[in-house]
Amino acid sequence: MSDATEPTLENLLHENRSFPPSAEFAAQANVDAGEYDRAAADRLGFWAEQARELLDWQTPFTTVLDDSAAPRYGWFPDGRLNAAHNAVDRHVAAGNGDRVAILWEGEDGESRRITYAELADDVARAANALTSLGVGTGDRVAIYLPMVPEAIVALLACARIGAPHSVVFGGFSADALHSRIIDAEAKAVITADGGYRRGSASPLKPAVDAALAKGGTAVEHVLVVQRTGGEVEWVEGRDVWWHDVVPQASTEHEPVWVDAEHPLFILYTSGTTGKPKGIFHTTGGYLTQTAYTHRAVFDLKPETDVYWCTADIGWITGHSYVVYGPLVNGATQVVYEGTPDTPHKGRWWEIVQKYGVTILYTAPTAIRTCMKWGEDIPAKFDLSSLRVLGSVGEPINPEAWMWYRRVIGGDTAPIVDTWWQTETGAIMISPLPGVTAAKPGSAQVPLPGIVAKVLDDAGQPVGPGQGGYLALTEPWPSMLRGIWGDEKRFAQTYWSRFPGTYFAGDGAKYDEDGDVWLLGRVDDVMNVSGHRLSTTEIESALVSHPWVAEAAVVGASDETTGQAVVAFVILRGGDEVTDLPEDGEAVVQTLRGHVGQAIGPIAKPRSILVVNELPKTRSGKIMRRLLRDVAENREVGDVTTLADSGVMSLIQQGLKKD
Ligand code: WT7
C-alpha cells in the first residue's frame with residue numbers, strides 16, 4: 001500500500017465527528033434513505049428507471065445491461081438518443097427555453113447570460129458549421145479551449161452530430177496536444193486565440209499550430225474562437241474563425257440519433273506507464289449516471305438552484321458536472337473563466353454573492369488555498385445562499401472539511417465528499433446530503449445502484465476497521481467502455497488485478513461503521529491539486545533531455561496541493577554532454593522547463609535534486625518509497641532490499657551539501 005496515505009490514516013483514527021442533515025434539509029431532499037434499498041432490490045431496474053425518467057429516448061431501450069462481451073459492458077444498448085438534445089433542446093420543448101443555462105463570468109469582468117433557448121440555437125449553428133467543415137458522425141474532434149461559453153457549445157455541437165470530442169486541457173503543452181490528436185486521429189481542432197488567466201491574455205492557438213506542425217495528424221480544419229483579440233498566425237484553407245462560420249449558420253438542425261453505446265467522448269488521463277490513456281465513454285449510460293448523481297448528490301432543484309462547479313472542462317469533472325449532468329437536469333449554472341485570486345483573493349466569494357450560488361462543487365486544494373489566505377476574505381461577502389457544498393479530486397483532510405463547512409457553509413450546509421474517477425464517469429461513493437450523517441474526511445457510502453468493496457490482496461472483502469484496495473464489483477452505467485485503440489491495456493489495467501472486478505487503483509479502509517475512507521493511489525500515479533499525473537510520464541520527459549541519464553519521480557505530500565512532484569536525476573557525465581551549465585540552478589530550471597514543454601506547466605517538478613545514484617532493488621526497480629522519505633524530510637525507512645545499501649546515505653549527504 002502506498003505510504004502517501006499516512007495523513008488520512010491519521011484522520012481516520014482520530015475522527016469521530018459526524019454532521020447529520022438538518023430536519024428541514026432532509027424533508028425537502030430529492031432523495032431519501034429508502035433509495036438504497038430500492039436500488040439494491042433491483043439494481044438494473046433502478047438504473048433503467050433513472051434512464052427513462054431523466055432522459056429522452058428517440059428509440060426506447062428494451063435491454064438494460066449487456067454483459068456478453070464483459071468487461072466491455074453495454075448499457076441500454078438497443079436504445080437511441082442524442083446527448084445535445086437531452087442537454088438542451090428538450091428543456092426548450094418543455095417550455096423552459098427562457099431559463100438561464102449559463103451565467104458566464106469572464107476573468108476580465110465581462111459577463112454573459114445564456115438561456116436554454118439561446119444555447120439551443122448556438123449548439124445547432126455550431127453543429128451545422130462543423131458539418132460544413134466536413135466533420136461527420138464518428139469523426140473525432142479535439143477541443144483546446146479556455147472556459148468560455150463556446151467551449152460548452154463546442155462539446156454539445158460535437159455530441160449533436162455524433163462526433164466524439166476529445167478535450168485537451170488548455171494547460172497541456174503542444175507536445176501533449178500533438179500526441180492526443182494523433183492517438184484519437186482527430187479530424188478537426190476547436191481552439192481560441194487565447195484566454196484570460198491571472199489578469200492577462202494567455203495564448204492557446206500557438207500550441208495548436210506547433211502541434212500540427214509536428215505532422216502526422218489527420219486534422220483538416222482548425223476552428224478558432226476569438227476571445228482575447230491577440231495576434232494569431234493563420235494557415236489559409238485550414239484555419240477558420242468561429243465568428244465567420246457559426247453565427248451565420250442555420251439554427252435548424254436535426255440531431256443525429258445514435259445508439260446508446262455510441263462513443264460520446266475520449267478524455268486522456270495519466271496511467272502508470274508513460275503513455276496517457278484515452279478513456280472513452282458512450283452516450284446512454286454516461287448521461288443516465290451523470291444526471292442521476294448530479295440530482296441526488298447535490299440535491300439539485302433546477303427551478304431555484306444556482307449551481308457552480310469550479311472545474312475546467314479539460315477534466316472529467318468539467319465534462320460530467322459542468323456540461324452533461326447539470327444541463328441534462330436543466331440547471332442554471334455559473335461558469336467562471338479565470339483564477340480565484342484575480343483581480344483579488346475574494347473573487348470566488350464575490351461570484352457566489354453576485355449570482356446567489358446555492359450549490360458549490362470544488363476541490364480540497366482550492367479550499368486549503370483559501371484557508372491559507374484567511375477567513376476574513378470570504379467573511380466580506382454574503383455567502384448565505386449556499387446550501388450544499390461538494391468536494392472532489394482527492395481525500396479532503398478534516399481540517400479543510402471543517403473550515404469549508406464553517407466559513408463557507410455557515411455551519412449548516414451539508415458537505416458531499418465525492419469519490420470517482422475519469423474512468424467511472426460519474427460519482428460513485430459519496431454521502432447523500434439529505435440522508436447521510438457526514439464525517440469529515442470520508443466519502444462514506446457507495447451511491448444507490450453502485451457496488452463498491454474494499455478487498456484484500458487475495459480479492460476477499462475486508463471487514464469493518466480494515467483496509468485494502470477499492471474495487472467496483474458490479475458494472476455501472478457511466479463506466480468507461482475502454483481505452484481508445486488499446487483493448488489489451490484496458491483489460492490489463494482495470495480487470496486483471498481481481499479478475500472480473502474493476503480495480504480502481506486506490507487504497508481504502510472501512511471504519512467501524514462500515515464507511516469508506518479513501519487513502520490515496522496504490523500505483524505510480526500522483527495526485528497534484530486533484531489532477532492525476534504519472535510518475536513514469538514525467539520520468540520519460542526528464543530522460544528525453546540530453547543532459548539526463550536517469551530520473552526518478554515521486555509525489556511528496558504538500559500542504560496545499562496534496563502532493564507535489566519531486567524529481568531525482570542523474571546527469572550524464574563525460575564527453576557526451578558539452579553544454580551542461582556549471583550552475584546547478586540553471587540545470588534545474590532548464591529541466592523544469594523541459595517537463596513543462598513535454599507535458600505542461602502542471603507537471604513541472606516542484607523540486608529537482610541532482611544525485612549520483614538512485615536507490616534500486618536487486619532486480620533494478622527504483623525504490624520510490626525511500627525517495628519519498630527524502631522528499632518529505634523523513635528518516636529513511638527500511639533499506640534492506642536495496643542492491644547497494646550505501647546509496648541512500650550518499651543521496652542524503654548530497655542534499656545536505658546543497
Ligand atoms: C483519482 C481519480 C473524479 C474527478 C477528479 C479526479 C482521487 C478523486 C476523491 C475523493 C479521495 C479522490 C482518487 C481517484 N480522488 N476524488 N473524493 N476522495 N480521493 O479524477 O483525475 O480521474 O483521478 O482521484 O485517487 O482514483 P481523476
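From the backbone N, Cα and C atoms, a Cβ is placed for every residue, glycine too.
According to TrEMBL, the features are:
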{"type": "BINDING", "residues": "ARG197, ARG198, GLY199, SER200, THR317, SER529", "note": "CoA binding site"}
{"type": "BINDING", "residues": "GLY393, GLU394, PRO395, ASP417, THR418, TRP419, TRP420, GLN421, THR422, ASP506, ARG521, ARG532", "note": "ATP binding site"}
{"type": "BINDING", "residues": "VAL543, HIS545, VAL548", "note": "Mg(2+) binding site"}
{"type": "DOMAIN", "residues": "36-87", "note": "domain 'Acetyl-coenzyme A synthetase N-terminal'"}
{"type": "DOMAIN", "residues": "91-484", "note": "domain 'AMP-dependent synthetase/ligase'"}
{"type": "DOMAIN", "residues": "537-621", "note": "domain 'AMP-binding enzyme C-terminal'"}
{"type": "MOD_RES", "residues": "LYS621", "note": "N6-acetyllysine"}
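Contact annotation for binding-site residues (TRP420, ARG521, SER529) versus ligand 1: TRP420, ARG521, each with CB under 6 Å from a ligand atom. The recorded positions examined here are ARG197, ARG521, LYS621; by Cβ neighbour count within 10 Å, the least packed of them is LYS621. Proximity to THR317 (CoA binding site), judged by a C-alpha distance within 10 Å, picks out GLY393, THR422 from the recorded positions GLY393, THR418, THR422, ARG521, VAL548, LYS621.
Taking the Cα atom of each, LYS621 (N6-acetyllysine) and VAL543 (Mg(2+) binding site) are about 16 angstrom apart. Considering other CB atoms within 10 Å as the measure, the emptiest surroundings among the binding-site residues GLY199, GLY393, PRO395 are those of GLY199. HIS545 (Mg(2+) binding site) carries neither a helix nor a strand DSSP state and counts as coil. For the pair formed by GLY199 (CoA binding site) and HIS545 (Mg(2+) binding site), distance between Cα atoms is given as 33 Å, rounded to the nearest Å.
It is 27 Å from the Cα atom of SER529 (CoA binding site) to that of VAL548 (Mg(2+) binding site).
In the domain 'AMP-binding enzyme C-terminal' (537-621), helix, strand and coil residues by DSSP number 28 helix, 27 strand, 30 coil. In the three-state DSSP classification, THR422 (ATP binding site) falls within coil. Other C-beta atoms found within 10 angstroms of the C-beta of SER200 (CoA binding site) number 11, with every protein chain shown included.
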